[in-house]
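K.L.:
So TrEMBL has the following annotated:
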- 1-25: signal peptide (SIGNAL)
- 296-318: transmembrane segment (TRANSMEM)
- 362-386: transmembrane segment (TRANSMEM)
- 392-417: transmembrane segment (TRANSMEM)
- 429-453: transmembrane segment (TRANSMEM)
- 465-488: transmembrane segment (TRANSMEM)
- 519-542: transmembrane segment (TRANSMEM)
- 548-576: transmembrane segment (TRANSMEM)
- 588-607: transmembrane segment (TRANSMEM)
- 619-648: transmembrane segment (TRANSMEM)
Amino acid sequence: MKMCSLHRARGSVLVIFLLLHSATSFYLPGLAPVSFCEPGQAGKENEVPDCKSTIEIFVNRLDSVESVLPYEYTAFDFCAIDSEKRPSENLGQVLFGERIEPSPYKFEFKKKVDCKPVCTKSYNTNKPEDKAHLDFLKKGMLLNYQHHWIVDNMPVTWCYDVEDGQKFCNPGFPIGCYVTEAGRPKDACVVNSDFKDKDTFYVFNHVDITIHYHVVENEAAGARLVAAKMEPKSYKHTKVEAPDCAGGPMYLNNKFSGELKIGYTYSVQFVEDTHIRWASRWDYILESMPHTNIQWFSIMNSLVIVLFLSGMVAMIMLRTLHKDIARYNQMDSVEDAQEEFGWKLVHGDVFRPPRKGMLLSVFLGSGTQIFIMMFVTLFFACLGFLSPANRGALMTCAVVLWVLLGTPAGYVAARFYKSFGGEKWKTNVLLTCFLCPGVVFADFFVMNLILWGEGSSAAMPFGTLVAILALWFCISVPLTFIGAYFGFKKTGIEHPVRTNQIPRQIPEQSFYTRSLPGIVMGGILPFGCIFIQLFFILNSIWSHQMYYMFGFLFLVFIILVITCSEATILLCYFHLCAEDYHWQWRSFLTSGFTAVYFLVYAIHYFFSKLQITGLASTILYFGYTMIMALIFFLFTGTIGFFACFWFVTKIYSVVKVD
């Protein structure tokens, strides 16, 4: 037995390492590299055909760790161009509030640029419009809003030293910083000792951009960009019309009034890098992410423990059940049959339809839809098709899959509702179509109204809202009706034992076999195997960090399914042995209670890890968290029900019942 356990543990560790390797090796397939060459070489025969000489910088929305509200680049009155058409965005980008648009920052490949002016912004606090723009800019600096620039579909990063000699490359950089009235520098103001005036804002109006490129000699395809780094600086140009990038910082006192000019400039230099390949050009960003290297061992340890506990639960269940079934099947006499005990006593009631069977069947249909959607999405993400380079692909894939999976939802809901003895099939189909999706959409719509009111770029445009409703009503709803039609048309689920006409009285239960303690205890083990990954996921959502460990996440997903199933089966077995046959809702709620732990952890994360301020941002955080908790509740609850349904059907089909 020890040798088998050892081999099983070694096999588990091998699977973990294989999935870890997939998480770090395949995150950028399907994207073609773009070649760049010096001006005058593009299109020449025998030189570098099909290459670009102009490098464009695109700007994305600005966000902050202290606010949930992102804003468009133009909201802060930065240098912009209106003539060029902005790139098209997919559904996932719109849902995440990404607003990519062209910028006036353009330069030629391998052409060095020194302190080139972009534009000059003039403000007069006596004019209401100028004062509003200046106040909004100060608010952005106070809340540490960050630029997000893109070059060749790659983020422009700001790399700086952190503790222990490590270097962190941030895919964003601040628009400015603030020194408090007490003289304490906030956020990026700590990087420069010149930022010392009290109650003063410092604007980062200059950027030093360094483009790293790799020359591809074998393919004669010119050069490819492998990194784009920058350093924000602040200069109060002596001559705004002819800037020299010298002098003190560009400051703005909080009580300033009068006229002000801010000149925006940039410098560019090019560095050849022969060590970075184009296919691995994101590595320097991902490897510098905080906490990732620290948490590897903890995640490994957690997964191995969960695998070990799952194996122990499975072994105990199989051995105990084997003895029970063998003992029950050896009872040949009538006297022995009259002295039945344990879970066989409730064989005439175990398949009795539950109360609120309509609601349970609707939850099961929606949970099945979510389960398949998550499985397929994570599978593709694990292969690398939904990497950070494919912006918005993860959310787009999830939404499209949810829309197309209406048929399994309708089929499962109808099938179980029919097995519960229900006859109101129209109500069942309509609730499957609109109950859970309607709750999510209503929450999302309220959050969108708040974003509209705050003028945030995350507010979904009206046209996109109509498109989502069209996907829901014109595709998902008809597919749900088709699935429900086949579900009701199919014959009912045949149970291995008959149900008695008179319900059996359930004896008084001990504390541990009552419903509520069992439900509360049932969610602990599944939550234990996801809470570390949950930390990374919440970081990627609210702290704007890239999430790329999809191989690990897919492994955790599989472990979560196994753990939910086995924990629910174990508690279901104990309740059946205590002659309590109401297992349907209990199995759903036992696994579904993991969502309650998720909600508690999200509240803890809000107060301990985030710096979010403002009523609107707080409402948005908890509003979106409630959506995630509901989806997680339906997902885990459905896993627990199906596991328990399979278990109950299996054990009563192998026992002789007179």
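Heads up, the Cβ atoms here are built off N, Cα and C, so glycines get one too.
Where the annotation comes from TrEMBL, it is an automatic prediction and has not been curated.
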K.L.:
Taking the transmembrane segment (588-607) as the reference, which of 362-386, 429-453, 519-542, 619-648 gives the largest number of Cβ pairs under 8 angstroms?
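P.N.:
Top-ranked stretch among 362-386, 429-453, 519-542, 619-648: 619-648.
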K.L.:
Which sequence-distant residues neighbour the transmembrane segment (619-648)? Criterion: at least 6 residues beyond either end, Cβ under 8 Å.
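P.N.:
Residues 68-69, 350-351, 360, 363-364, 366-368, 370-371, 374, 436, 439-440, 443-444, 446-447, 450-451, 522-523, 526, 542, 560-561, 564-569, 572-573, 576, 583-584, 587-592, 594-596, 598-599, 602, 606, 610, 612.
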K.L.:
In the same chain, which residue numbers or ranges, 6 or more beyond the ends of the transmembrane segment (519-542), come under 8 angstroms Cβ to Cβ?
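P.N.:
Beyond its ends, the transmembrane segment (519-542) has Cβ neighbours at 65, 68, 291-292, 295, 298-299, 302-303, 306, 309, 549, 552-553, 556, 559-560, 563-564, 567-568, 571, 586, 589-598, 601-602, 605, 609-610, 612, 621, 636, 640.
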